[in-house]
Amino acid sequence: MKLFKRHNNVLPGFGPTMGYTLLYLSLLVLIPLSALIFKTAGLSWHDFVAVVTAPRVLASYKVTFGAALAAAGINALFGVLVAWVLVRYPFPGKRLVDALVDLPFALPTAVAGITLATVYSANGWVGRYLEPHGIKVAFTPLGIIVAMTFIGLPFVVRTVQPVIEELDSEIEEAAACLGANRLQTFRRVLFPLLLPSVLTGFALAFARAVGEYGSIIFIAGNMPMVSEITPLVIITKLEQYDYQGATAVATVMLVASFVILLIINLLQKWSRRYAD
Amino acid sequence: MSIEVENIHKQFGSFTALNDVTLSIPSGELVALLGPSGSGKTTLLRIIAGLERADSGRILFNGEDTTEHHVRERKVGFVFQHYALFKHMTVFDNVAFGLNVRPRGTRPSKSEINAKVMDLLRLVQLEGLAQRYPAQLSGGQRQRIALARALAVEPQVLLLDEPFGALDAQVRAELRRWLRKLHDEIHVTSVFVTHDQEEALEVADRIVVMNKGRIEQAGTPDLVYDHPANPFVLNFLGNVNLFHGRLNQPGADQHGADENAVSYVRSHDIEIERSPQDSTALKAEIRHIQKLGPSVRVTLAIDATGEFIEAELTRDVFKNLGLQQSEQVYVRPRQVRVFVEDYQI
């Protein structure tokens, strides 16, 4: 570790900046999270298992993580498409579209949830055309995916966009000279170079979706066992003054999210194995 | 495969990159496009490759019009200045790329591809590096891989865009000698772009000197060096001194009428002597002495006109003369070329 050999390091300020970083992370992340686990520790192991594996809670994990993975997947696909269009092609109103992408960041999630629920309900602008085909979006798990996709959109676009901008046009020309068609060039040359950033965007969108509460409760319908998300289970427990139960479920969410993010990170490292 | 470039014109906005360029490249030759930056040499190369479209004019390969052919169909090998290797692929996969993307019907089998790639890696003397990634190679190694990758598809024409431009001087010299040797072995018609006259003179069978979107002269290295068509070619192929007016020289290479004549003398064609041997010697004062390894550059001011000239001497000659700054000496141009002054450098 080069960083810790003080006299060999020409970069100044390692001590103060590292100290500040640790303090900052402790106050904002580490201490609240350890309080969570501390509170959970009030439960016996037997009780803890009973709480976190209750059928209704298990169903909520499935809904939350399943929908979040689906939403992040959709975002990974269409986010790359949006980023590609924004970087590669000039078109009128490009700046407007570019600004539009960030809107889900800024919009209060409750507003987003109510709007989406209205648009996708049986007599909403979009919902009325889906309803006759037997597709129900609002107040079903599908609605949860829609809300999660909405709030996760900017993550993939904004992580992939600069990487597409940096792509060297010469490698595409080289591929064309070697006889590759457009699809082969994209699949074999461009996509592998985008993959690390797509995975980062996927991880961010996924993390955001798992933690989302505000917009989903308006569109989900919140039916236990069907369309109830884990954050709502936690809120319900809190409203019933079941603090230990709430923190127990939160702890499971925390660990599960951490493990999934870790796996994505490892995938991301693997996808850029050529760089070192 | 011969290449014919016919009346190619290319405009970028208000900038004329190529102005009615016509050029014929015989099969199997190694040709250098030589010129300063902005002379259109890279644009011409990219148009031959099909990476750029000409506004008008035609490109013929072996007499066949390829103007409308896509770069994929032209079967050209292109080597980029900055290698353009696929950094996420191993050296092996980079070289195999052109074979792997062929349609199933014409794609060689895995073992054939394997054999072919290893052959090419042997050809570029990098057979031990097949499993490395480009990031783990030096610049010279990367460029040789880029060359192997271009050769893998058995191109009819090999095009190289400043192939040694990003390398340091020693690797550069080594690699261009190697390229010459390689070309003698495989004889594929090759065109390379360079702004380095030494590189062009050393490597190429023929040199095409370009300036401002036009071809100034095309010919063998000896021809363009010994008989430059105009002051631009003369100046671009080595340091040259200007004498306004016609120098009275026996055997001077004379062009054009007398008025506005300018005499050009290469700096190593200027002799310095302590006493005038004959009437052609000019009196001058040494202003500056600069030692450049094996040679010495002496800046002199001609007494009669006040013009500054540069002479390049070998170290031995310089030592024997024992020249000092501010000394009065006599200079005698050995070989003079006279052009009428409507050309501007």
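Quick reminder: no glycine exception, Cβ is built from N, Cα and C everywhere.
Whatever TrEMBL says is automated annotation, not expert-curated.
What TrEMBL records for A:21-45 (among others) is transmembrane segment.
Sequence annotations record features per position, and here TrEMBL assigns domain 'ABC transmembrane type-1' to A:61-264.
Residues annotated as transmembrane segment in TrEMBL: A:65-87 (among others).
According to TrEMBL, the feature transmembrane segment maps to A:99-122 (among others).
The annotation transmembrane segment is assigned in TrEMBL to A:134-157 (among others).
The transmembrane segment annotation in TrEMBL covers A:189-207 (among others).
With a cut-off of 8 Å between Cβ atoms, the residues of this chain six or more beyond the transmembrane segment (A:213-234) that come close are 55-57, 59-61, 63-64, 67, 108-110, 112-114, 116-117, 120, 137-141, 143-144, 146-148, 150-151, 246, 249-250, 253. Residues or ranges marked as transmembrane segment in TrEMBL: A:213-234 (among others).
Sequence annotations record features per position, and here TrEMBL assigns transmembrane segment to A:246-267 (among others). Long-range contacts of the transmembrane segment (A:246-267) within the same chain, counting only residues at least 6 positions beyond its ends with a Cβ under 8 Å from a Cβ of the stretch, are 33, 36-37, 39-40, 43, 48, 51-52, 57, 61, 64-65, 199, 202-203, 206-207, 210-211, 230-231, 233-235, 237-238.
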With the cut-off at Cβ under 8 Å and a gap of six or more residues from its ends, the chain residues touching the transmembrane segment (A:21-45) are 51, 243-245, 247-248, 250-251, 254
Among A:65-87, A:134-157, A:189-207, which stretch has the most Cβ pairs under 8 Å to the transmembrane segment (A:99-122)? A:134-157
